[in-house]
Structure formats: C-alpha cells, structure tokens
Amino acid sequence: MSKVLVVKSSILATFSQSNPLADHFIDQWREQHLNDDITVRDLGAQPVPELDGELVGALRPSDATLTQRQQQALELSDALIGELQANDVLVFTAPMYNFAIPSKLKNYFDLIARASVTFRYSEQGPERLVKNKRALILTTRDGIHKDTSSDLVTHYLRLFLGFIGITDVSFIYAEGVAYGPEAAVKAQEEAKASIQSFVSA
C-alpha cells in the first residue's frame, strides 16, 4: 500500500489545463491501486502564505519568542513537511507562468525547505533529509519549451526537489495548449496517455 500526495498549483480554477491532468491521475491511480491513500492539496483554492521578513525568522532554528504570525507559519510548515514525509508518491502540477512555476507553488516550496528538517549543511556539503520518495510533475505550457533553453521549470524543479532528497522525478508535459483548441486537446490526450503509463508501471 502506498500513500500519494497530489499538490495542485494552478490559479485558473475551472480554466486550468493542469488540474484536469491531476484529476485524471487521481482517477487512474484509484482505479489501479484500490487500497492506496490519496491526499489532495490545492494551493489555488487554499494558498499558503508568501514568506516575508517576519515569517522567514520562524523557520530558522532560534530560541527567540515568536509572534502570532510566526507561530502560525511554523505550524503550517511543520504540517506541510509532515504531510510530505508521510507520502510515498508526490505529484505536483506545475503550469508554466512567464517561464516559471506559479508563485503559489514557490511559496509552498519555501515552507518545506527547512534547514535541519528537510536538508542540512555539513562539512561535506548539503545533506538531503527527504528519503525514499518518487515524484511526478504534470507541467502545462502555452507554447513549446521542452528541451529548450526556455524550459526553466524542468531545471528548477529537478534542482529543488533533488536538493531536499527527491531525486526520482518524472515529468509529463502538455505543451502548445494555446495553439488552438485542437492542439490543446491533443496535448491533454497525450499527457493523459503518459499518466496512464506512469500509473501502470
């Protein structure tokens, strides 16, 4: 039995191209893995706060008294990290917005990147503290960017996830969705077929 965490990051609600892919993954996984638990976190519907000068102080080891906002941020960070660590398969939607990931997903990453919790530094360099996970990235793009210099999303996600210890990372792309209705449907269908292959593997 596996535990699966699905993190949605689109801000477009019913107009999203990535949410249908996440929903398709959930349906396919439940169909083929009847006893597995799936947790869904929708950052578009329930965003996490952006770190500022006050909140970032709550995430660093310190004996200082925390403000109410800091305490809330620390508790949320603990909950998000606990959720991440409790699951075996991690699925992130990552639509490309202006060549980058959504700010809501970046805010989430900022809350789970905790020194001495998800990574730590030693004399040998950074040590990864998130173990035995595999991740799937569902990334949608208006244009065609895969394997080009404009695909900053793939590089960033591999770098960030690898830094905390998630090195088994697969990507499924739906590209050219702004090239017209037929192109969007084709991109969705191809991505859903790739999801089916991932789920069945």
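The backbone N, Cα and C atoms fix where each Cβ goes, glycine too.
Listed in Swiss-Prot for this protein:
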BINDING   Ser10, Ser16, Gln17, Ser18, Met96, Tyr97, Asn98, Phe99  FMN binding site
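Swiss-Prot feature annotations superimposed on the structure.
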{"residue": "Ser10", "record": "FMN binding site", "CB count, 10 Å": "25"}
{"residue": "Ser16", "record": "FMN binding site", "CB count, 10 Å": "19"}
{"residue": "Gln17", "record": "FMN binding site", "CB count, 10 Å": "22"}
{"residue": "Ser18", "record": "FMN binding site", "CB count, 10 Å": "25"}
{"residue": "Met96", "record": "FMN binding site", "CB count, 10 Å": "22"}
{"residue": "Tyr97", "record": "FMN binding site", "CB count, 10 Å": "18"}
{"residue": "Asn98", "record": "FMN binding site", "CB count, 10 Å": "7"}
{"residue": "Phe99", "record": "FMN binding site", "CB count, 10 Å": "12"}
(message) In the three-state scheme derived from DSSP, which category covers Asn98 (FMN binding site)?
(response) coil
